[in-house]
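Engineer: Under the heading transmembrane segment, TrEMBL lists 7-27, 33-55, 67-88, 94-114, 126-145, 157-179, 186-207, 213-233. Annotation source TrEMBL lists domain 'Sugar phosphate transporter' at 13-231.
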Amino acid sequence: MTRFHGICRYATCVIPISAFFASSLWFGNTAYLFISVAFIQMLKALMPVATFLMAVICGTDKLRCDLFLNMLLVSVGVVVSSYGEIHFNIVGTVYQVTGIFAEALRLVLTQVLLQKKGLTLNPVTSLYYIAPCSFVFLFVPWYLLEKPGMEVTQIQFNFWIFFSNALCALALNFSIFLVIGRTGAVTIRVAGVLKDWILITLSTIIFPESTITQLNIIGYAIALCGVVMYNYLKAKDARLTQTPVESIPDRAAKV
């Protein structure tokens, strides 16, 4: 009976999360074939919008006027940034936006399916369960869409590039886990904004085709203002939620 419950839990928790995780990886990586790294980072400013919409649809968050106005500000900024993109490509943009919404749905499903079931998984344990299932989901589009156009002579496997990328991905997961444990999720969000600026700057230096216009910068700055305000409001909500819980020991000590 315990084994049956384990299989049901795997089917209802791990498989849906793995499916959307694989979708976000495939759509997001495919977008790099059509649009520049800098523009992809600008489009990623839509992540709070997508997460908020998915959370409202799934019932884990409420539709609030202040958050809605922030989401509207972010969306306007992304639209302005897209309008100013020199090498705009509709296919790559659709791929990237689809990957963003798939990642947002994965995050919301993680909250709905895991937290409400009383499960707590750190990044290492999550990868242990999710990675094999995600590999299966990624294998399907590769076999159907990419493999027919591939030739063995085109495949150039470089062990050191592959190993260094895998090592960086592992280090990223460990660093996120450590930073959240020692500081909090707000610090991760602020660091994510800084990371986006660094990536945009480096991409314009390393890749000459990733040129950005003044309209790109203005649009991304508008979107960034919305993201910062969204993070501030969520952090404020978190403090208000934690205050009653933290005040209980103080009241007990006074008694």
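Note that Cβ sites are derived from N, Cα and C of the backbone, with glycine treated the same way.
Could you place these features in context, so I can see how deep they sit and what lies close by?
Structural biologist: Under 8 Å from some Cβ of the transmembrane segment (7-27) lie the Cβ atoms of residues 95-96, 98-100, 102-103, 105-106, 109-110, 113-114, 117, 119, 129-130, 133-138, 141, all in the same chain and six or more residues away from its ends.
For the transmembrane segment (33-55), the list of distant contacts is 61, 67, 70-71, 74-75, 77-78, 81-82, 85, 87-89, 91-93, 95-97, 100-101, 103-105, 107-108, 111, 196, 199-200, 203-204, 207, 209-210, 212, 216, 219-220, 223-224, 226-227, 230-231: same-chain residues at least six beyond its ends, Cβ to Cβ under 8 Å.
Sequence-distant contacts of the transmembrane segment (67-88) (same chain, at least 6 residues past either end, Cβ-Cβ under 8 Å): 35-36, 39, 42-43, 45-46, 48-49, 52-53, 209, 211, 213-216, 218-227, 229-230, 233.
Outside the transmembrane segment (126-145), and at least 6 residues removed from its termini, the chain residues within Cβ reach (under 8 Å) are 10, 14-15, 17-19, 21-23, 25-26, 173.
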Engineer: Quick test of the contact rule: Cβ under 8 Å, at least six residues beyond the ends. What residues does that give for the transmembrane segment (94-114)?
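Structural biologist: Beyond its ends, the transmembrane segment (94-114) has Cβ neighbours at 12-13, 16-17, 20-21, 23-28, 30-31, 34-35, 40, 43-44, 46-47, 50-51, 53-55, 58, 60, 120-121.
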